[in-house]
Amino acid sequence: MSSSSAEGVGQPKASADVTKKQSKVKQLWSKLDLDVGTFLIMMKAALPPTIALAMYESNAVSTQYGTLGYLVAIISILGFCIMPRAKFIQTMTMNIIATCIGAAVALLMIWSSIQARKHTTPAGAPLAGYNSSQSAVCAIWLFFQIYIINSIKAKFPQFAFPTIIYSIFVNVAATYGPEFGTMTQGISFAKRLLEAFLTGFALSSGVSLFVVPTSCRLVVFKEMTGYIGVLRGALQAHKGYMLSLETTDMFSGDVTDSSEDKKGHKPKKPTERPEVAAVKKSIAALTELHGKLHGDLPFAKREVAYGKLGPDQLEEIYKKLRAIMVPTMGLGSSIDIFGRYAEMNHWDTSPESKQQDPETQARRQKAVTEWNEIMKSVHEPFSTIIQVMDDGLEHALLTLELKKAPKKKKNATEDIEAKGDTVKPGDAGFADYLDSQTERFYQGKELALREWCDLKGINLPNDFFEHPSSYKDVVSDDVAEDDGDYNRNSKQLYLLLFMEFLLYSVSRAVLSLVRYADEQVADGKMKKSKLIMPGNRRLKKWLVNIFKVEDSTAEDTTTTGDVDGNKSTIYMGEAYSARKDPEHLPPQTAWEHIGDFIRIFPRFLRSSESAFGFRAACATMSIAIVAYLHDTQVFFIKQRLVWAMIMVAISMTPSAGQSASTFFLRLIGTVLAMVLSFLMWYIPDGKTAGVIVFLFIFVTFGFYVPIKKPKFIIVGLISVVTATMIIGYELEVRKIGKIAASSNGQPYYPIYTLAPYRLATVAGGLFVAFVWTFFPYPISEHSIIRQTLGCALYLSANYYSIVHETVRARIRGDEGDLTTKGSPGKKLEKARLKVFSKQMLVLQSLKTNTAFQKWEVPLGGKFPKKEYDTIIQCVTNIVQYMSLVGYSSHTFTDMNSNHGDPSESEWFEDFRRLISSVNVTSHEITSLLALLSSAITNGQPLPPYLTTPKPYQLSARIRALDRDILSVRHIAEPGYAAFAVMQISTRCIIGDLEKLLKSVKILVGVLDFSFHIVSTNSSPASSSSSTLFKLSKQE
């Protein structure tokens, strides 16, 4: 800027224009969320079709592939070379197997159809021309194969690409099959088709493995780096929120902007406070990234690589990060808790509102003032520990080499005296420094507790926190004039302890990660790279899991979730899908076992997978029937209707319903491809080299959608395939000539005629797929969301039951050794973490899909988005508070193993005895969540008189048993803070269950046969506003 201004004053306008242009480009770049790495991946995706079309210009290649040259380019696109290495190798292996099986079955189909021709052709007549028997045989084979392969596609989402490849192969072979009179022709065709497919796979494999190679390990390392970055951002967001609590009203999460806009209008709705919005945004990002890491980690552990950290280290780092995530997300619950507290006290209106009476306003203002004073007193320790934790995460990044260390200046000399005792991230003794700081924070919590006691009129001796058992006359309950005041005071104390406990827990979890990172350095694992081979057990597990449903995110490029971009794939377990047969007992004899085996076939035929396969087969045959009739067979070949069938194979997916918006988006993508194909052809004036370059540019930008917008991946994929199809055919004709290009029965069309024909063909295929998603009954995105919501409720019930058993085991002290695989605690931990990760994926998928519903054009009544959003938020809250209950209960295990002050041990034993008798958790919640899951999934009304479990009121029940156990003199006990977390969390769970039940009742209704008789003579007390029958006054 200084140099430009120094050059003269004569060109300020030009300089300003350049600056303006640069800023616009930068704005567009940032808006598209592009970086160099992403752009290279987009270019990588464009290489296989570009290479395929370029090499077709060779005489040897064009002679070998003939009229199937452009098919090589299309298959190379569907090879999806941008997948990380382990995923790509697994998918490509299945693609090749599917293609080879397809070729073998195609030969069998051609042979059987030729036999049908021979048996129905008069002796001496030529085996050429239309034959109805041969067409019928090919049609039967086609229907059967499409039905089977799409049933497999629905059953095993990870086979999405192989099943699409198989469908394309069989569609082409089955529609050309009726034209063959001899097996020589059939074998030649099948061979050329197989070679075209395998060549496309070879190009995709070469580009994937050698051009900007991307391993699953690299993806996981980037995700871990991003994970730690998001954790740091979340901590800073919490720091900003806690700082705002020193001056603002924490019971109001919104702020009203009184400023007017340009037109003089005031904003209608209050906006969320920036500090609150920052915390929620960071937690949402953390949840999303956790789901991605959970889905990608298994592939990274199975990969052959050259690096420093092995699969066991990756798994352990993931566990350490997850241990940091749970309390970090729990800290964000303080926003929700303040909101609930305001709602309970009817403070959920703005302080300026006239609806509040003076007494209510006075209580609210008193609570706000007290919290302001408390947060001011903890400002320094809270800010210090958050900064120390941020440095700890930075240390982990540097030590594990997830981030490059800052370069030291060449001539800079370190001033040892100036440095003093300062320890920076990356230094050798940083772990000890972090340990000392966390303990200092733990010991410093007495500042906040003293402040709270002073506010409540409780005078604590100076050495109270060093020897709490020596002061048994400390006033606790007497400071409250009545039970209402006591409850308000205890809630305030519990929330303060809640925040301190979670901050301390985050610091200890960060310390655990830092120590683990230092251990890797001490063990020499970070010194040099080595060849990392997965063990036999891991490889065996990989082979077995290929045929099992694995969890994946919507951005997982091996599953249907990536093909349609609408849904995460979650394996719910056998308990969710398996149902006991009320008509049959388990088989006992050999004959009963044989009969049970026979019943597998009708069970498969009535399954949802079979129903989808039948839909796909009917949709395919709706177009293919044209190829098997005498009057339309030639028309089918000439107009290339096989591509309409291929679009059905690509666009019909079992995990996503259709809607008008998705259909029109796909149609827009096809129109865009047609328009751009004109530009690609005419801008370089039809010159081959220029056309290929422009195709490369288009495909590069076309893959922005699959990479950055997986929700609309099908739009990008169809656009790229359509454009490649148009350009590839024109280049093919130019190379081999019009006569050779027309030898397969397809007449030559110039690009201005071919492109609209391709558009019509592709649009027709998309429309047929759209119709068969609604017929005979619709599979809409709304029904998919409802089914997913049922899954989320089921997982919540599953998770709560595991947390219930975990808490009971820890309180009883029979959790066992967590380092032993067979111990009860280890099994519960594995199950708990597995279900938690699944739930994170489901909730992320639900939030994405419901947010998209506002763009839908409903047919009939509107989609109840408000109720769905409420249910999703309640489930999210319940899972979060369940996690905190399970996390805080770990304190009981730690206290059980630590033998410290005898008085502390005595208090803990008394406390554990009491808390085990009042039942922290309840099986009623598990039953209710399971019932709600079934009601949502099946759309059945709830039973009458269904209520939520009563609030636990742990504090009141424990005080009833022992009034001294929760007195203020015990607030320094480690288990007291853990109890505060459990008390708040369990109360919030019940509150969310009440909202959840109310919303589910609105969606599915209640099976209620009760009625009320209301007479006009009856008093208002006996009348009812909701009646089924009314008796009028008799004259």
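Using the three backbone atoms N, Cα and C, a Cβ is placed for every residue, glycine included.
Annotated features, as they stand in TrEMBL:
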- 25-123: domain 'Putative ER transporter 6TM N-terminal' (DOMAIN)
- 36-56: transmembrane segment (TRANSMEM)
- 62-82: transmembrane segment (TRANSMEM)
- 94-114: transmembrane segment (TRANSMEM)
- 130-403: domain 'Putative ER transporter 6TM N-terminal' (DOMAIN)
- 134-152: transmembrane segment (TRANSMEM)
- 159-177: transmembrane segment (TRANSMEM)
- 197-220: transmembrane segment (TRANSMEM)
- 254-277: region 'Disordered' (REGION)
- 612-629: transmembrane segment (TRANSMEM)
- 625-772: domain 'Integral membrane bound transporter' (DOMAIN)
- 641-657: transmembrane segment (TRANSMEM)
- 663-682: transmembrane segment (TRANSMEM)
- 689-707: transmembrane segment (TRANSMEM)
- 713-731: transmembrane segment (TRANSMEM)
- 751-775: transmembrane segment (TRANSMEM)
- 776-1005: domain 'DUF2421' (DOMAIN)
- 1016-1035: region 'Disordered' (REGION)
Summary of DSSP states over the domain 'Putative ER transporter 6TM N-terminal' (25-123), given as helix, strand and coil counts: 83 helix, 0 strand, 16 coil
Other parts of the chain folded back onto the transmembrane segment (612-629), taken as Cβ under 8 Å at six or more residues beyond its ends: 135-136, 138-139, 142-144, 146-154, 167, 171, 174-175, 178, 635-637, 641-642, 644-645, 648-649, 652, 654, 764-765, 768-769, 771-773, 779
Close approaches to the transmembrane segment (689-707) from elsewhere in its chain (Cβ under 8 angstroms; 6 or more beyond its ends): 32, 34, 38, 41-43, 45-47, 49-50, 53-54, 77, 82, 562, 676, 679-681, 683, 713, 715-717, 719-720, 723-724, 727, 730-731
Highest-contact recorded stretch vs the transmembrane segment (751-775), from 134-152, 197-220, 641-657, 663-682, 713-731, CB pairs under 8 Å: 641-657
Top Cβ-contact partner of the transmembrane segment (663-682) among 134-152, 197-220, 641-657, 713-731 (pairs under 8 Å): 713-731
Mean predicted confidence [pLDDT] for the domain 'Putative ER transporter 6TM N-terminal' (25-123): 91
Remote residues contacting the transmembrane segment (641-657) - C-beta distance under 8 A, at least 6 residues beyond either end: 146, 150, 153-154, 157, 160, 164, 167-168, 171-172, 175, 560-561, 563-567, 569, 608-609, 612, 615-616, 619-620, 623-624, 626-627, 635, 666, 714, 717-718, 721, 725, 758, 761-762, 764-766, 768-769, 772-773, 778-784
